[in-house]
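Single-structure report; data block below.
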Amino acid sequence: MGIKVLLAAILIWDLTCGLGFNVYADDNMVRIELKKQSLDLNNIRGARIYVKGLRGSNRNSASSDEQIVYIKNYRDVQYFAEIGIGSPPQHFTVVFDTGSSNLWVPSSKCFFSIACYLRSTYKSRLSNTYTKNGNSCKIPFGTGSVHGFFSQDDTKIGSAVVKQQVFTEVTKEGYFTFLRARFDGVLGLGFQGEDSRNVTPVWNNMVLQKIVSKSIFSFWLNRDPTSRMAGEILFGGMDWTHFRGLHTYVPVSKNGYWEIEIGDLFIGNNSTGLCEDGCPAIVDTGTAFISGPTTILTQINHAIGAEGVVSSQCKTVVLDYGKAIWERLLSGLHPDKVCHGICTNNQTLGVSHEPRMRIRNSKSQRLEKDILCNFCEMVAFWIQVEIRKERSKDLAFQYANQLCEKLPNPGGKSYINCDVFSLPHITFTIGNKSFPLSPDQYVIRVDDHQGVHCLSGFTALNVHPQRPLWVLGDAFLRAYHTVFDFDNLQIGFAESA
């Protein structure tokens, strides 16, 4: 009997090692321990994106293939780790970020940015392995950009050394962008993009230089606030003690980012309906919140009692155009087409009375027209949800007005009651499987001198109307251990342990 048990143990050991589940780091894996710092209420901002190639085009006829560029905002990041650049190593605290591909740190030649004086700076003269490059570069972000030039040096990641990694020495940092940041730089784990100037990212070099034997890395955030270890990145494998059950794998849909397709979202047991046909989602370790289309975020914030900004413009749309929207939806018109008149010309959806928000052709009124169009599209979607529930017109309009009151404020913060026990689960559908978030997972607690504040873990993104984008940040990743499979271009999720 003892021999059988021993043989079984050996077999299990071989299988787990062969699958990369080894709990111990070896020569073929690199383990990075993450540190966590608390969120600062004054630094929290919503993520932002913009769309390239839409200028002068019809926003309702946009192709789903048009490029969406995700503009990052690092003010609210929480998780960091230390790397070394040069010989001997000069140490920097960096964000390990799957939402970008660049490696950058402040340069000792950064003379005119206050932010650089508050951080560690790279001094090429002190490194025996430095190689001059000198080409200039600019890295854009949601609240500014950094400028600098490329250099080349050995880079220490955990126990491994990446030989002659090209990185950016930053010589100018935006004052408001990075003055309050808690880190020195960023180490991007995204794909090599078109704007990377032929610079091979750190992760690609780890694979090319055979530092890891398996082209995967895994990401785990510790949900225990009392633990010394805040999380871990394991390059070349995954640690089976950090997750339960099996991973659900989904393909990477666009290799500019670690982008996947998600399905319908549920508030409690109720479908939101917007992503029934699929929505793109970027899996981003460098973002604290979960970001998504305002249409659904408003429904979520309404369901969980988050307090946003009362929008009189949104309520005006319900008042002026609600009847026309209702009738068009009942006639079978798709919500995307209901607001076609407002979004393309001066039509008023057949409203007989003078609308309170008149659209004129002058250039100064284009922004007002876009705002009206956005509100119209949201209201049409909300009313359609109520029609599917067979609600009356009055109840549908009442619900739309309530959602108008829950629109996120411009700063992205939505306050919520810290008593979370009565709040509903929010469930994402990924790979035809449900991934629920409990209230204690999506409610963000922030401590400051005034006490404890609770925020909704969901923030709004301004997105392409035909391609509503989600960003699954740390609020999602704390609940699910994540595997980034570079060889097979897929991402796996399993319940975090």
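Residue numbers in this text run from 1 along the chain shown.
Including glycine, each Cβ sits where the backbone N, Cα and C put it.
Whatever TrEMBL says is automated annotation, not expert-curated.
As recorded in TrEMBL, the features of this protein are as follows:
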ACT_SITE  D97  active site
ACT_SITE  D284  active site
DISULFID  C110-C116  disulfide bond
DOMAIN    79-494  domain 'Peptidase A1'
DOMAIN    369-410  domain 'Saposin B-type'
SIGNAL    1-20  signal peptide
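The average per-residue pLDDT of the prediction over the domain 'Peptidase A1' (79-494) is 86, rounded to a whole number.
Of the listed active-site residues, namely D97, D284, the sparsest CB environment within 10 A is found at D97. Restricting the recorded positions C110, C116, D284 to those with a CA within 10 Å of the CA of D97 (active site) leaves D284, listed by sequence position. Comparing C116 (disulfide bond) with D284 (active site), their Cα atoms are 26 Å apart once rounded. With respect to their backbone Cα atoms, D284 (active site) and C110 (disulfide bond) stand 29 Å from each other. For the domain 'Saposin B-type' (369-410), the DSSP-based tally of helix, strand and coil residues reads 33 helix, 0 strand, 9 coil. In sequence order, C116, T121, G148, E169, V170, T171, K172, E173 are the residues near C110 (disulfide bond), counting only same-chain partners six or more apart with C-beta under 8 A.
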